[in-house]
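Remarks on the structure that follows.
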(Lines of atoms letter the chains of each structure in order from A and count residues from 1; the text may use other names and numbers.)
(Lines give C-alpha, C1' and ligand atoms only; values in the text may rest on other atoms or scores of the structure.)
Protein backbone atom coordinates (compact mmCIF):
# COMPACT_ATOMS: atom_id res chain seq x y z
CA UNK A 1 0.00 0.00 0.00
CA UNK A 2 1.44 3.35 -0.94
CA UNK A 3 -1.04 5.49 0.99
CA UNK A 4 -2.79 6.80 -2.11
CA UNK A 5 -6.53 6.55 -2.39
CA UNK A 6 -7.42 4.07 -5.09
CA UNK A 7 -9.48 6.56 -7.09
CA UNK A 8 -6.53 8.78 -7.88
CA UNK A 9 -3.97 8.13 -10.54
CA UNK A 10 -0.55 7.76 -8.89
CA UNK A 11 2.06 10.14 -10.15
CA UNK A 12 -0.38 12.12 -12.25
CA UNK A 13 -0.63 15.87 -12.33
CA UNK A 14 -3.92 15.74 -10.41
CA UNK A 15 -2.51 13.53 -7.67
CA UNK A 16 -3.49 15.45 -4.54
CA UNK A 17 -4.21 13.75 -1.26
CA UNK A 18 -6.99 14.94 0.99
CA UNK A 19 -5.74 17.98 2.86
CA UNK A 20 -2.45 18.17 0.99
CA UNK A 21 -1.58 20.40 -1.94
CA UNK A 22 -0.67 18.72 -5.23
CA UNK A 23 2.95 17.83 -5.81
CA UNK A 24 4.96 20.24 -7.93
CA UNK A 25 5.35 19.23 -11.57
CA UNK A 26 9.00 18.30 -11.00
CA UNK A 27 8.07 15.90 -8.20
CA UNK A 28 4.84 14.43 -9.54
CA UNK A 29 6.61 11.45 -11.13
CA UNK A 30 8.36 10.54 -7.90
CA UNK A 31 5.52 8.58 -6.32
CA UNK A 32 6.00 5.46 -8.42
CA UNK A 33 9.52 6.13 -9.66
CA UNK A 34 11.11 3.37 -7.63
CA UNK A 35 8.26 1.19 -6.49
CA UNK A 36 7.45 3.39 -3.52
CA UNK A 37 10.86 2.98 -1.90
CA UNK A 38 11.56 6.47 -0.62
CA UNK A 39 15.01 5.59 0.64
CA UNK A 40 15.99 4.41 -2.83
CA UNK A 41 14.43 7.52 -4.33
CA UNK A 42 16.30 9.73 -1.89
CA UNK A 43 19.57 8.00 -2.78
CA UNK A 44 18.95 8.43 -6.52
CA UNK A 45 18.10 12.10 -6.05
CA UNK A 46 21.21 12.63 -3.94
CA UNK A 47 23.39 11.00 -6.62
CA UNK A 48 21.77 13.10 -9.32
CA UNK A 49 22.34 16.30 -7.37
CA UNK A 50 25.95 15.37 -6.68
CA UNK A 51 26.62 14.59 -10.36
CA UNK A 52 24.96 17.83 -11.43
CA UNK A 53 27.06 19.76 -8.92
CA UNK A 54 30.27 18.11 -10.15
CA UNK A 55 29.41 18.85 -13.78
CA UNK A 56 28.63 22.48 -13.10
CA UNK A 57 31.83 22.82 -11.06
CA UNK A 58 33.86 21.26 -13.90
CA UNK A 59 32.28 23.66 -16.42
CA UNK A 60 33.25 26.66 -14.27
CA UNK A 61 36.79 25.50 -13.48
CA UNK A 62 39.63 26.33 -15.90
CA UNK A 63 41.31 23.47 -17.76
CA UNK A 64 44.07 23.15 -15.19
CA UNK A 65 47.78 23.95 -15.74
CA UNK A 66 47.47 24.09 -19.54
CA UNK A 67 44.91 26.91 -19.25
CA UNK A 68 47.08 28.78 -16.75
CA UNK A 69 50.12 28.71 -19.11
CA UNK A 70 48.01 29.89 -22.05
CA UNK A 71 46.43 32.65 -19.97
CA UNK A 72 49.85 34.00 -18.99
CA UNK A 73 50.79 34.42 -22.69
CA UNK A 74 47.42 35.74 -23.85
CA UNK A 75 47.25 38.68 -21.46
CA UNK A 76 43.96 39.75 -19.88
CA UNK A 77 40.85 37.60 -20.29
CA UNK A 78 38.61 38.36 -23.25
CA UNK A 79 35.37 38.68 -21.20
CA UNK A 80 34.69 40.70 -18.07
CA UNK A 81 36.00 38.92 -14.97
CA UNK A 82 34.14 39.01 -11.68
CA UNK A 83 36.12 39.58 -8.52
CA UNK A 84 37.37 36.44 -6.79
CA UNK A 85 35.37 37.10 -3.65
CA UNK A 86 32.15 37.24 -5.71
CA UNK A 87 33.00 33.92 -7.40
CA UNK A 88 33.71 32.29 -4.07
CA UNK A 89 30.50 33.74 -2.63
CA UNK A 90 28.50 32.37 -5.58
CA UNK A 91 30.17 28.97 -5.24
CA UNK A 92 29.34 28.90 -1.53
CA UNK A 93 25.77 29.92 -2.30
CA UNK A 94 25.41 27.19 -4.94
CA UNK A 95 26.79 24.62 -2.54
CA UNK A 96 24.39 25.74 0.17
CA UNK A 97 21.47 25.65 -2.28
CA UNK A 98 22.33 22.08 -3.30
CA UNK A 99 22.52 21.10 0.36
CA UNK A 100 19.17 22.74 1.05
CA UNK A 101 17.63 21.01 -1.96
CA UNK A 102 18.88 17.65 -0.73
CA UNK A 103 17.62 18.38 2.77
CA UNK A 104 14.26 19.40 1.34
CA UNK A 105 13.99 16.14 -0.61
CA UNK A 106 15.07 14.15 2.42
CA UNK A 107 12.41 15.82 4.57
CA UNK A 108 9.79 15.29 1.87
CA UNK A 109 10.67 11.60 1.71
CA UNK A 110 10.52 11.27 5.49
CA UNK A 111 7.22 13.13 5.64
CA UNK A 112 5.72 10.92 2.97
CA UNK A 113 6.95 7.80 4.76
CA UNK A 114 5.42 9.07 8.00
CA UNK A 115 2.13 9.77 6.21
CA UNK A 116 2.08 6.22 4.84
CA UNK A 117 2.85 4.80 8.29
CA UNK A 118 0.04 6.81 9.85
CA UNK A 119 -2.39 5.58 7.21
CA UNK A 120 -1.30 1.96 7.77
CA UNK A 121 -1.65 2.43 11.53
CA UNK A 122 -5.15 3.91 11.11
CA UNK A 123 -6.19 0.90 9.04
CA UNK A 124 -4.74 -1.44 11.66
CA UNK A 125 -6.63 0.35 14.46
CA UNK A 126 -9.85 0.27 12.44
CA UNK A 127 -9.41 -3.45 11.85
CA UNK A 128 -8.78 -4.05 15.56
CA UNK A 129 -11.81 -2.00 16.62
CA UNK A 130 -13.92 -3.95 14.12
CA UNK A 131 -12.64 -7.21 15.61
CA UNK A 132 -13.36 -5.98 19.14
CA UNK A 133 -16.87 -4.85 18.17
CA UNK A 134 -17.50 -8.20 16.54
CA UNK A 135 -16.15 -10.04 19.58
CA UNK A 136 -18.27 -8.04 22.02
CA UNK A 137 -21.41 -8.56 19.93
CA UNK A 138 -20.78 -12.31 19.89
CA UNK A 139 -20.48 -12.37 23.67
CA UNK A 140 -23.46 -10.16 24.48
CA UNK A 141 -25.89 -11.03 27.29
CA UNK A 142 -28.58 -12.17 24.86
CA UNK A 143 -26.46 -15.10 23.76
CA UNK A 144 -26.58 -16.83 27.17
CA UNK A 145 -29.38 -19.28 27.98
CA UNK A 146 -31.52 -18.42 31.02
CA UNK A 147 -30.11 -21.34 33.02
CA UNK A 148 -26.39 -21.52 32.42
CA UNK A 149 -26.01 -24.84 34.21
CA UNK A 150 -25.65 -23.32 37.66
CA UNK A 151 -26.71 -25.28 40.70
CA UNK A 152 -29.01 -23.74 43.31
CA UNK A 153 -26.17 -22.89 45.70
CA UNK A 154 -24.07 -21.02 43.09
CA UNK A 155 -24.67 -17.35 42.44
CA UNK A 156 -25.18 -16.31 38.83
CA UNK A 157 -22.47 -14.11 37.39
CA UNK A 158 -23.11 -10.38 37.22
CA UNK A 159 -25.24 -9.92 34.11
CA UNK A 160 -23.99 -6.39 33.49
CA UNK A 161 -20.43 -7.59 32.87
CA UNK A 162 -19.76 -9.39 29.62
CA UNK A 163 -17.50 -12.43 29.83
CA UNK A 164 -13.86 -12.03 28.97
CA UNK A 165 -13.49 -12.26 25.21
CA UNK A 166 -10.68 -14.38 23.82
CA UNK A 167 -7.44 -12.42 23.47
CA UNK A 168 -7.07 -10.68 20.15
CA UNK A 169 -3.85 -10.96 18.26
CA UNK A 170 -2.37 -8.23 16.13
CA UNK A 171 -1.84 -9.41 12.57
CA UNK A 172 1.82 -9.52 11.71
CA UNK A 173 2.85 -6.82 9.27
CA UNK A 174 5.28 -7.58 6.50
CA UNK A 175 6.48 -4.00 6.37
CA UNK A 176 9.74 -3.26 8.19
CA UNK A 177 8.76 0.39 8.55
CA UNK A 178 5.59 -0.56 10.45
CA UNK A 179 7.58 -2.86 12.70
CA UNK A 180 10.08 -0.05 13.31
CA UNK A 181 7.21 2.31 14.14
CA UNK A 182 5.70 -0.12 16.62
CA UNK A 183 9.10 -0.74 18.23
CA UNK A 184 9.93 2.98 18.35
CA UNK A 185 6.72 3.91 20.16
CA UNK A 186 6.44 0.67 22.16
CA UNK A 187 2.94 0.07 20.89
CA UNK A 188 1.42 -3.01 22.42
CA UNK A 189 -2.01 -3.83 21.13
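Using N, Cα and C of the backbone, Cβ positions are placed for all residues, glycine too.
Annotation source Swiss-Prot lists phosphoserine at 28 (among others), citing a large-scale study or a structure entry.
Annotation source Swiss-Prot lists region 'Disordered' at 54-83 (among others).
Annotation comment: Swiss-Prot describes 67-83 as compositional bias 'Low complexity'.
Under the heading repeat 'LRR', Swiss-Prot lists 86-114.
Per Swiss-Prot, region 'Disordered' is recorded for 141-175 (among others).
The feature compositional bias 'Pro residues' is assigned by Swiss-Prot to 159-169.
Swiss-Prot lists 188 (among others) with the feature phosphoserine.
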Legend entry - Summary of DSSP states over the repeat 'LRR' (86-114), given as helix, strand and coil counts: 29 helix, 0 strand, 0 coil
Inset, instruction - Over the repeat 'LRR' (86-114), work out the mean pLDDT and round it to an integer. - result: 89
